[in-house]
Amino acid sequence: MVGYSEIQRTSPFVTFLFARLGALLESSVKPLGVLPPVWFKSIREVLRREVMGSDVGSGDLERGVSSNLGGEGTGADTATSTPSSSAGVRTFHALKEKCSLKVEVFSKFKDRFQFPEGTRARLPRKDERACAFAYGEVCFYEAAFSCGLRFPVHPFIMRLLHHLNLAPGQLMPNSWRIVISCMIIWTTNFDGDMLTVNEFVHLYRLKESKEFGYYDFVPWDRKSRLVADLPSSFRYWKSRYFFVSGDGWETLSDDFWGDVPRLLRRWETPLLVKERPDLESKFDERVQAAIRYTRTIEDFNELIDPRTLARHCLGPEPSLYVLSTFDREEKKHKLP
């Protein structure tokens with residue numbers, strides 16, 4: 001008998017159709033045996049569209065999108081990302097990267113990055129990649145946490161990624177440093193007020209990496225470069241990823257935060273903006289004040305220090321273990 005893993009390897013499109021069918025079955029409140037004929041007809045129509053390529057077809061599979069289509073947090077979030085077919089099929093670079101994280105290293109992440117109690121994190125299985133993994137999970141890279149990300153993911157970050165139509169794993173490490181640092185700059189200068197998505201995209205634009213599927217934030221011009229002294233490289237970061245599910249790692253919508261879009265589960269191909277968006281005068285004044293403030297910053301690394309994150313409510317109060325690990329890494333990076 002042919003195993004499921006063999007089907008995944010040799011016939012990924014068949015695997016995709018079964019995954020899609022499973023999602024449709026999950027969405028039904030009735031047992032399979034009592035569903036009306038029109039329901040099965042609708043399934044047949046959905047699968048027919050996907051085989052014909054009018055929804056999410058084989059082109060998506062060849063580009064390397066993850067197998068958790070139709071998962072929680074996708075839907076309308078992913079509807080505008082389909083690139084032009086005339087551009088040809090491009091494969092996500094992440095499909096080439098096997099996970100190199102060792103169990104003994106990964107086992108310390110929960111304490112090192114202070115994951116919430118309800119958060120489940122696991123290493124990839126042999127046939128999984130950063131852009132191809134189990135239904136309902138999200139991929140994160142170790143480098144994002146080294147650059148200041150903490151759970152639960154802040155609503156601003158979730159709104160920014162939603163606006164750009166990106167999954168968390170698609171951001172390059174220095175882009176995480178830029179986002180987190182800008183958040184600290186804003187809360188420092190504006191009585192705790194958080195940066196808005198419009199302010200951020202007025203300062204930085206999304207640029208496609210030479211390794212397809214990853215994206216960088218670059219300033220629109222030299223004047224709008226708020227964050228300086230970024231590391232020149234992160235060695236082997238593309239092979240150091242893991243998957244997250246469970247509770248406590250996303251900020252959910254409530255009366256305090258309002259409507260917060262869920263993080264995308266699948267990788268996308270966003271549309272890149274070529275013209276710089278304008279800002280209302282009151283927000284432009286804040287941007288100019290932030291630019292002036294950054295000229296006074298002597299050490300940008302302090303912006304992602306766990307103690308700084310905690311003071312600005314962007315992370316938990318760091319434990320002694322976290323502080324010793326952070327200080328040790330800082331000394332290592334400063335070595336000639």
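Each residue, glycine too, has its Cβ placed from N, Cα and C.
Per TrEMBL, the feature compositional bias 'Low complexity' maps to 75-84.
The feature domain 'Transposase (putative) gypsy type' is assigned by TrEMBL to 138-207.
The feature region 'Disordered' is assigned by TrEMBL to 58-84.
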Helix-strand-coil residue split for the domain 'Transposase (putative) gypsy type' (138-207), DSSP-based: 42 helix, 10 strand, 18 coil
Reported mean pLDDT - the domain 'Transposase (putative) gypsy type' (138-207): 98
